[in-house]
């Protein structure tokens, strides 16, 4: 028996120090820890309770999100506890606050089951958010190591393959959500789909809460939607689609709906974030098997992602969903009706689209991270946007995005098809101006005005919505100021 083990186990009183010992003293705080390439790293914003030592608070978060309980247990000696303990290794004050701290915590990769987001999150966010020693806690960012990423499949389709299937390049994709989201009959619902696609959109979609209600059962909706898709595709010569929401009460029902959607020719299905991580991963595996695009609506995310000091930053959700394997996820608009600071949204989009992330504190990216060849996930911009904002949308969000104009299509005074045409003409006019090297952001309103001179639907839309903005201060704003570097 090794001498150190012999010494630890020889006398009962010397085996371990029993009782309640501060987490920092137990080894959950280690300022000298050398981070390994295989470590999973998490960045928490911690607000300790009054009177709680900040060092102890960050050690407590590390302990309660890994191996600790409230008292020392002798069974620690039966494990490689020194390895398996999470290590809080760095702490920084949050700029502009006196009681908040950024705590960097490293987790041994072997603490987590391969390819299981449910298991990863059971530790990282499972119990610690209710811990009394902290007044508030927010998971701001994570670095998932290459070795652990390779146990996840990532998006089944990704940006490049989706564009190839649709034969749409060099511009954002265009979509719309059927409105009203609830109450339409199947036939009227399908008519909305046809009108939007025939007018120039690439996609129509179900909203998050349309499943299989008494006014329209799911199979009826699927059939009428696909009739609209097929007729619009035949009329325009373009590949079209409609996101069919397969969200249901059980996995068996979701598989049934997904398989039926596939059997009638749909190229895309949709799920909601509220179905849970295991269900999302299961549907992503199914989508890859059947070569279907998988769209994820982030329903419910703001219940924990919007508040500044408690919950989970949405950039973490973006990373988790890319790991799970969804092809689309709603990720903010900047200019629409929903929460979205420009820099924060840029951080979300970069987390979904870049192959390698670099530290960018202004965007909320605290770690370098290689995505290990997982495919890109297409961000979706939806919620209170209209064609008069097209120059801003193109500037903030770029090409690899789905722009979804629900009310901005279906609320057009001349009808749904005119609304779709207005959006398509506005987008193509703005992309053309950008490709010509013009200042499309500064000249945006004038570019749209000139395009509207020969497009009645666009003129009507601009006249109707020209003064509509949602200029509210975002709740989640950057903690760090973006600094311009001097060019040399």
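Yeah, the Cβs are placed from backbone N, Cα and C, and that goes for glycine too.
These features come from Swiss-Prot:
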type     : residues                     : note
BINDING  : 127, 177, 181, 298, 330, 382 : substrate binding site
ACT_SITE : 179                          : active site, proton acceptor
MOD_RES  : 205                          : N6-carboxylysine
BINDING  : 205, 207, 208                : Mg(2+) binding site
ACT_SITE : 297                          : active site, proton acceptor
SITE     : 337                          : site 'Transition state stabilizer'
Recorded positions compared (181, 205, 297, 298, 330) - the one with the fewest other Cβ atoms within 10 Å: 181
Spatially closest candidate among 179, 205, 297, the listed recorded positions, to residue 330 (substrate binding site) (Cα to Cα): 297
Integer Å distance between the CA atoms belonging to residue 208 (Mg(2+) binding site) and residue 298 (substrate binding site): 8
From recorded positions 179, 205, 207, 208, the one whose Cα lies nearest residue 127 (substrate binding site): 208
Of the recorded positions listed as 177, 179, 181, 297, 382, the one whose CA lies nearest the CA of residue 208 (Mg(2+) binding site): 297
Distance check against residue 177 (substrate binding site) for the recorded positions 205, 207, 297, keeping those with Cα within 10 Å: 205, 207
Long-range Cβ environment of residue 179 (active site, proton acceptor), under 8 Å and at least 6 residues apart: 192, 207, 406, 407, 410, 411
Inter-residue Cα distance where the pair is residue 297 (active site, proton acceptor) and the residue listed as 'N6-carboxylysine', in Å: 10
Neighbour tally for residue 207 (Mg(2+) binding site), based on other Cβ positions within 10 Å of its Cβ: 19
Any further residue of that chain within 8 Å (Cβ to the Cβ centroid of 205, 207, 208) of the recorded Mg(2+) site: 177, 178, 181, 206, 209, 210, 243, 245, 270, 297
Around the Cβ of residue 177 (substrate binding site), the count of other Cβ atoms that are within 10 Å: 25
Cβ packing number for residue 208 (Mg(2+) binding site), 10 Å threshold: 20
Where the record names 127, 177, 181, 298, 330, 382 as binding substrate, the maximum Cα to Cα distance in Å: 37
